[in-house]
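Taken from Swiss-Prot, the feature active site, nucleophile covers Thr176. The substrate binding site feature in Swiss-Prot is assigned to Arg203, Val204, Gly205, Asp206, Thr225, Gly226, Leu227, Gly228.
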Amino acid sequence: MAAIIVHGGAGTIRKEERIPKVIEGVREAVLAGWRELKRGSALDAVEEAVKALEDNPIFNAGTGSVLTLDGKVEMDAAIMRGKTLDAGAVAGIWGVKNPISVARKVMEKTDHVLLIGEGAVKFARLLGFEEYDPITEERLKQWEELRKKLIEKGETKHWKKLNELIKEYPEVLRSTVGAVAFDGEEVVAGTSTGGVFLKMFGRVGDTPIIGGGTYANEVAGASCTGLGEVAIKLALAKSAADFVRLGMDAQTASEAAISLATKYFGPDTMGIIMVDAKGNVGFAKNTKHMSYAFMKDGMDEPEAGV
């Protein structure tokens, strides 16, 4: 049974008027992926779904990615095939429109798994990815407002740990996007993000860490969202797939993974989406919101919500 699920990030959507736009964004993305999935390829479906999310400036990935402490964009992305365990990822990449597509090329064109920074950019240029500026006016304005808050309180001189910063300034935690699909033969997972607002230059979250924020094997795939350091420490995407290997379905495994995150790091930290090799979808969160949408064989329209 073919199935695909996408997410637009876990956290709190502070402006209620944004919720319909977010739901429409994940709905459009899952439909883009579903069209590819019906042609038979989970890999193409995941890439297309994530590209649709990257191209929508309401989400924190690709166009509309958040800015680092020094006002730049450093994006992360990863994709993984469950049947072969092939994987590709980029971290701290800039100047490209769709990091997920560069990550796929790392998987298909090299013997490596992860390329970072300038090396990832050079690789993208060699393969014909054009120069692109993903910074939007809205993100630049948000960055300036946050910087002003921090400067007024003197926070920039004595930089806080990320979890302390998020507690005091929750607006720095922005969404990640991801997709997981099953085409009847293989599960594929992909994730993309601009990271955390005002992150230290060079900071890498869970998204490009295979097993941390992105993972797929022969039984299941997962894409995580939230505070990346939590997912890395728990190897959360891999842990979720392991729960399926132990006999859980995708929904039960998703809930177990989030329970694990809450146990060790508290609420308001993580969200996850999954698909297992039986075509079951799963999603769970310990945050107020996590936008999602999914389609399966037998459904006429996607289910979407926050």
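Here the Cβ of each residue, glycine as well, is placed from N, Cα and C on the backbone.
Feature map: annotations from Swiss-Prot on the structure.
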| residue | record | Cβ neighbours (10 Å) |
| --- | --- | --- |
| Thr176 | active site, nucleophile | 33 |
| Arg203 | substrate binding site | 18 |
| Val204 | substrate binding site | 21 |
| Gly205 | substrate binding site | 27 |
| Asp206 | substrate binding site | 31 |
| Thr225 | substrate binding site | 31 |
| Gly226 | substrate binding site | 29 |
| Leu227 | substrate binding site | 25 |
| Gly228 | substrate binding site | 28 |
For Gly228 (substrate binding site) and Thr176 (active site, nucleophile), determine the Cα separation and express it in whole Å.
10
According to DSSP, does Asp206 (substrate binding site) sit in a helix, a strand, or coil?
coil
Most distant Cα pair in Å, residues Arg203, Val204, Gly205, Asp206, Thr225, Gly226, Leu227, Gly228 binding substrate:
16
Under DSSP, is Gly228 (substrate binding site) part of a helix or a strand, or is it coil?
helix
In three-state DSSP terms, the structure that the residue listed as 'active site, nucleophile' belongs to:
coil
